[in-house]
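S.K.: Shown below is the structure under consideration.
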Amino acid sequence: MLCDNCQENDAIVHLTRIINGKKEEIHLCEDCAKKSNKFKLDSFNNISFQSMLSAILNENDSSDSSFMNNNLNNNNCNSCGLNYSEFTKSGEFGCADCYLEFEDELETLFKRIHGNKRHTGKKPANIEAEKEFQAEIDHLKAEMESAVEDERFEDAAEIRDEIHEIKKSMEEDIDESKNI
Amino acid sequence: MNQKIFDNNWLVESGDEKDVVLISRIRLARNLKNHHFPNKASIVEKEEIIEQLQNNLSFLESENFHFFKMEEFSALERDVLQEKNLISKCHSENIEGKALILNNKLHLSTMINEEDHLRIQVFGSGLDFSTIWQVADQFDDQIESEVEYAFSNKWGYLTSCPTNVGTALRASVMCHLPALVLSERINEVLGAVGKFGLTVRGVSGEGSGSAGELFQISNQITLGYTEKEIIDNLKSIILQIIREERRSRLYLVNKNYDKLKDNVLRSLGILKYAHRLKENEALNFLSKVKFGLDSGLIEEDINKNIFSELIFKIRTAHLQLNNYNSQEELDIKRAELIRNSL
């Protein structure tokens with residue numbers, strides 16, 4: 001029997017697939033079988049993505065633990081019960097509150113995945129952005145002051161830049177609402 | 001369901017750069033505030049989400065959208081939806097607590113309770129991000145005015161997977177790149193694409209093998225850039241790829257005119273006279289014929305849109321809709337369908 005694909009070599013790999021009760025037979029030679037993805041299950045892709053993601057997440061755990069003061073990783077999300085180690089395995093958040101629960105770990109993660117840690121795109125119209133922004137700025141200002149007190153000037157400068165970024169996106173929001 | 005809806009094929013519409021770009025697609029992921037993401041939600045909660053959406057999105061009915069629970073579809077209909085890229089494989093399995101919104105034209109679909117509560121997708125023929133972004137953006141606004149999304153100022157739209165957070169936007173194109181494949185420049189070009197935060201994968205025919213020299217290119221990064229920046233970046237890279245593909249076509253046609261002409265005409269010959277055709281085989285010959293038509297190697301008067309017209313219709317579940325059953329019968333009907341279109 002000749003290979004279904006190249007019609008040149010003898011088929012040595014035989015595959016029977018049943019989809020919706022319809023039987024399909026595939027016969028391939030060694031070369032074509034190697035090239036064919038038919039023998040790879042779809043889930044392989046997911047596993048490799050998931051395992052890569054969880055490798056990143058777990059790496060975060062070990063390398064960052066030295067300067068993480070409180071061990072947040074043991075916390076469970078209040079709303080859905082997911083804990084951080086489950087998250088590192090599945091690579092999926094259980095609910096919106098997980099983002100708050102794992103906040104400290106996520107900055108590094110997002111920076112790795114996206115190279116960024118702050119959203120600059122579309123916002124729902126009904127979001128009270130300004131209040132939230134102001135709360136964040138107040139929080140960061142306090143952090144900056146304590147950094148200055150501890151003479152961690154590099155950290156302070158970084159926080160200052162972050163405050164600057166937030167103010168900028170606030171202004172952009174105001175500009176946009178003017179346009180509408 | 002009414003099977004007539006399956007007849008719609010927006011893909012046959014003309015579009016920009018259609019010699020290289022077949023389909024543009026935009027996908028937005030959204031989640032509702034105060035509900036667990038689907039992976040943590042019980043069936044009961046998923047049903048609640050569906051009910052909440054059905055009750056609140058009253059604009060759907062008046063604007064000719066259709067709301068289906070996935071249980072309303074037969075297994076075969078779900079396969080057809082999947083072949084049309086309107087739902088994912090995952091959405092077609094374990095259908096309890098899942099739903100789907102479709103528009104009449106079948107170029108907008110929204111999967112409910114897939115990986116996220118809402119996965120809005122809009123398709124367009126050719127390279128056409130400005131139109132489809134407008135459609136997706138407006139549809140998103142309409143939903144947003146009726147329900148509250150899970151959103152954070154800092155991180156944008158919150159999604160179940162951290163790779164989607166931020167804009168939760170995935171923009172992609174399906175490209176036909178036969179000359180880059182033939183000239184073996186494809187890896188070089190696609191490798192370069194990766195450096196701009198984009199990913200490429202072969203488009204699968206049957207199973208998961210890539211077929212028909214089709215590639216899907218999409219943005220990988222969703223956080224820290226605006227929707228416009230993401231789309232503009234993708235578009236500018238795609239325009240480069242289009243240019244490279246066209247240059248390669250010219251070069252190959254000049255250099256190997258007789259060999260290529262022979263090759264595309266043989267493919268046309270097989271499609272015209274074959275009695276049985278398997279799906280991948282048909283796709284590969286159609287790809288060659290499309291190349292022949294786009295590069296002027298085939299002078300015969302054949303519908304230039306033949307590839308777009310047949311790409312869904314020749315797929316297994318689409319043929320099964322017409323009650324062709326055994327593989328033998330499917331391959332014969334597939335060959336007949338193609339023959340009659342040429």
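Glycine is no exception: its Cβ is also placed from the backbone N, Cα and C atoms.
Checked TrEMBL, it gives:
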- B:20-248: domain 'Phosphagen kinase C-terminal' (DOMAIN)
- B:23-27, B:Arg119, B:170-174, B:201-206: ATP binding site (BINDING)
S.K.: Tell me the Cβ contacts of B:Ile23 (ATP binding site) under 8 Å, same chain only and six or more apart in sequence, or just say none.
M.R.: B:Leu11, B:Phe123, B:Gly124, B:Ser125, B:Gly126, B:Val173, B:Met174
S.K.: B:Ile26 (ATP binding site) has how many other Cβ neighbours within 10 Å of its own Cβ?
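M.R.: A count of 27.
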S.K.: Average pLDDT across the domain 'Phosphagen kinase C-terminal' (B:20-248)?
M.R.: 91
S.K.: For a quick check of packing: other C-beta atoms within 10 Å of the C-beta of B:Val173 (ATP binding site), how many?
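M.R.: There are 26 such Cβ atoms around B:Val173 (ATP binding site).
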